[in-house]
Amino acid sequence: MAARRPWRVVIGFVAALVVLGGAAGGVGAGFTDEVRLGESDSQRAADVLAERFPTAAGDTATLVFHDDGLQGSDRAREVDSVLAAVADQSDVASVSPLQYSPDGATGFATVLYDEVAADLSQGHLERLEEAVAPLDRAGVEASMRGPVVDRWRDRPVPVGEFVGVLAALVLVTGLFRSVLATVVTVGSALLGLALGNTVLAVVSGFVDIPTVAPTIAIMLGLGAGVDYALFLVARFRARLRAGDDVPTAVRNATSTTGAAVVTAGAIVVVSICGLYVTGITVIGRMGLAAAIVVAVAALAAVTLVPALLRLVGRRVLPRSERGEQHVVVEGADDREGRWARTAAVVVARRPWAAASAATVVLLALAAPTLNLQLGQPDDSNRPAGDTMRVAYDRLADGFGPGFNGPLLVAVDLRDADGSERDGLVERLGLDLAATPGVQQVAPAQVNPAGDTAVVTVIPTTAPQSEETSDLVEELRSTVIPDALGDAVTAHVGGQTATFDDLGTRVGDTLLLLILVVVGLSLVLLTLAFGSLVLPVVSALMNLLSIGAAYGVVTLAFQTEVGTGLLGVSEQPVVSFVPMLMFAILFGLSMDYNVFLLSAVRDERAAGRDARSAVPVAVGRTASLITTAGAIMTLVFLGFAVTDETEVQMIGIGLATAVLIDVTLVRRVLAPALLELLGERAWWLPAGWRGRLGGGLATSH
């Protein structure tokens, strides 16, 4: 249809964008920071508290004040006046009394709102900031943290999209030497990204999507969209140079490279959707968001790009080549010829040496992964001077490192006799206070019905420390059962326990994710290329490049050298980042693999043997894969410039993996292994080839 009625395709695409945009505005986007972990102990605690303590259902902001000798001074009375004014603000349910540290220099109060942070607005935070502003003039340092502050604070202007678009414009123009070719490539990718985000906004009206998910989805959608369009435009130009007229070139590009785009996009979507097998809702929905945007990017590539090419025609070529009689033999480009000769000399003549050297380098890069520590970011990882970091540090210095990560023990008293309830809660509090690693136990709070109590436990260690994780386990397995017996049940919750449970769940399900994603990708590649050997080799190469990316992320965030270069503090890798990276990278790495293998198969179909086809295919795809990889790398690095730790880690990890993939893997390791395997790379059991039809994906 794109070749016959291109305007219908373009108008239909724009109409879909307008209609879905209106629908998104009607349903309202529903992004959330809530982490639900199914049947975990922390989730049970959260559910009990939400059901039995409804008055505490809103989110909070913690105001922290610091000045030497603050307690009992005139400045303390000014703080009290500020808190009284805050209590009168709209949607504020209560403000706790000011509590002071033992040295009297630090005080804090908790502001409880009627609503969760997502249902408030920027104005609520601005009113808080205006209320505490006079304290600065009085010499009192005021800082704040908590869900409301985190949700509505000013964030750095995102530069990832701008870096990605700028990189695409420069690199695509340099490759194609045609403004219109660049406009088609980048413009179609941006329209696809806009439509993908609109679809995501509509979906978020019915399904809670994590707040960070759109950022990750945009990062992937922009990179994938430009890459897919790039390969299609390149194929179209090649067919024009070979003598095809415009409609024929469009049909050829759609049936060949379009099929490869569909295969590559399907592998990315399947890999990312594999996150649902973990049973971790927040991670599964991050994958859903990314899969939606990537799927729409692939759809735009195989529909909108051909339509635009049909309209633009030969103007995608440099001006000197636009004449109908100007025919260039495909593959004669000097640049591509140099890559082919390089591949032939370096790889084809010494494939064992090339494969061994590449593998050693990848294993060396992956080695730091052995020291990988998983955790969850908190305010201690924010930049120095950030109000949330200042508040965190003041509370830790004044009240102890565990004060920033309290544990909430939710006690269900419904099965206990009324006369026993007070005694059980008192005994639990005493046993908790006597537990090594516990700094303080607050008096139990009992709900009006008297059937539920919550006990706040302050650890002696910081939220991210292993000792705190050990304490959570000890409370659950020993202290609480010994104190309460079988009479009642209690669950340990709070943000610290939730993040601990998240890390445990990630560790328990990562192997399952790997098996599912690899298995599904093997099936898709077998269908695409009619081979059982190529999918296995491709999977092994992908695992090596992903391991190398893990190693770089570990070095970047867990060593003094890496954190010094990035300007961040040493910290554990966010627990879900390796899982998310694996699903994304396994799919993205297959993108370039599909295009390279498609070119090899085309050379075989043209009469070359399996070994001689490899260097020619590498030469044909070199400039395209390099440009596509460079765009993707710069997009990911652009998104790494953020104060969101998980996005920064994902951006650096993905950029590293793509850079490794388009250089070391696609230029050295993959050609070397294909040379070593020869015809065996294309082996399929007798009787299967007729059923598979020789594969689906064809070259660009």
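Every residue, even glycine, has its Cβ placed from backbone N, Cα and C.
Pulled from TrEMBL:
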| type | residues | note |
| --- | --- | --- |
| DOMAIN | 172-311 | domain 'SSD' |
| TRANSMEM | 157-176 | transmembrane segment |
| TRANSMEM | 183-206 | transmembrane segment |
| TRANSMEM | 212-234 | transmembrane segment |
| TRANSMEM | 255-277 | transmembrane segment |
| TRANSMEM | 289-312 | transmembrane segment |
| TRANSMEM | 351-370 | transmembrane segment |
| TRANSMEM | 510-529 | transmembrane segment |
| TRANSMEM | 536-557 | transmembrane segment |
| TRANSMEM | 577-600 | transmembrane segment |
| TRANSMEM | 621-641 | transmembrane segment |
| TRANSMEM | 647-665 | transmembrane segment |
(request) Give, as a single whole number between 0 and 100, the mean pLDDT over the domain 'SSD' (172-311). (result) 89
(message) I'm a bit unsure how to read this: which one of 351-370, 510-529, 621-641 has the highest number of Cβ pairs shorter than 8 Å with the transmembrane segment (577-600)?
(response) 510-529
(request) Establish whether the number of Cβ pairs under 8 Å between the transmembrane segment (289-312) and the transmembrane segment (183-206) reaches at least three, counting only pairs separated by 6 or more residues. (result) yes
(message) Against the transmembrane segment (157-176), which of these stretches has the most C-beta pairs under 8 Å: 183-206, 212-234, 621-641, 647-665?
(response) 621-641
(message) Treating G and I as helix alongside H, and B as strand alongside E, what does DSSP give for the domain 'SSD' (172-311) in helix, strand and coil?
(response) 123 helix, 2 strand, 15 coil
(message) Could you check whether the transmembrane segment (212-234) packs against the transmembrane segment (647-665) - three or more CB pairs closer than 8 Å, residues at least 6 apart in sequence?
(response) yes
(message) Within the same chain, where does the transmembrane segment (621-641) have neighbours whose Cβ lies under 8 angstroms from its own Cβ atoms, ignoring anything closer than 6 residues to its ends? I mean 6 or more beyond.
(response) 156, 158-164, 167-168, 171-172, 174-175, 215, 218-219, 222-224, 226-227, 230-231, 234, 335-336, 339-340, 343, 588, 592, 595-596, 599, 647-648, 650-652, 654-655, 658-659, 661-663, 666-667, 700
(message) Quick test of the contact rule: Cβ under 8 Å, at least six residues beyond the ends. What residues does that give for the transmembrane segment (510-529)?
(response) 263, 266-267, 270-271, 274-275, 277-278, 535-536, 538-539, 543, 578-579, 582-583, 586-587, 590, 594, 597, 601, 682, 684, 692, 695-697
(request) For the transmembrane segment (536-557), could you work out the same-chain residues 6 or more beyond its ends whose Cβ comes under 8 Å from its Cβ atoms? (result) 359, 362-363, 365-369, 371-372, 518, 521-522, 525, 563, 565-566, 568, 570-573, 577-578, 581-582, 585-586, 589-590, 593, 597, 649, 652-654, 656-657, 660-661, 664-665, 669-670, 673, 677, 681
(message) Are there residues at least six beyond either end of the transmembrane segment (647-665) with Cβ under 8 Å to its Cβ atoms? List them, or say none.
(response) 160, 212, 215-216, 219, 358, 361-362, 365, 541, 544-546, 548-550, 552-553, 556-557, 566, 568, 573-574, 577, 580-581, 584-585, 588-589, 592, 625-626, 628-630, 632-634, 636-641
(request) Go through the chain and flag residues at least 6 beyond the ends of the transmembrane segment (351-370) whose CB is under 8 A from any CB in it; none is fine as an answer. (result) 544-545, 547-548, 550-552, 554-555, 558-559, 660, 664-665, 668-669, 671-673, 675-676
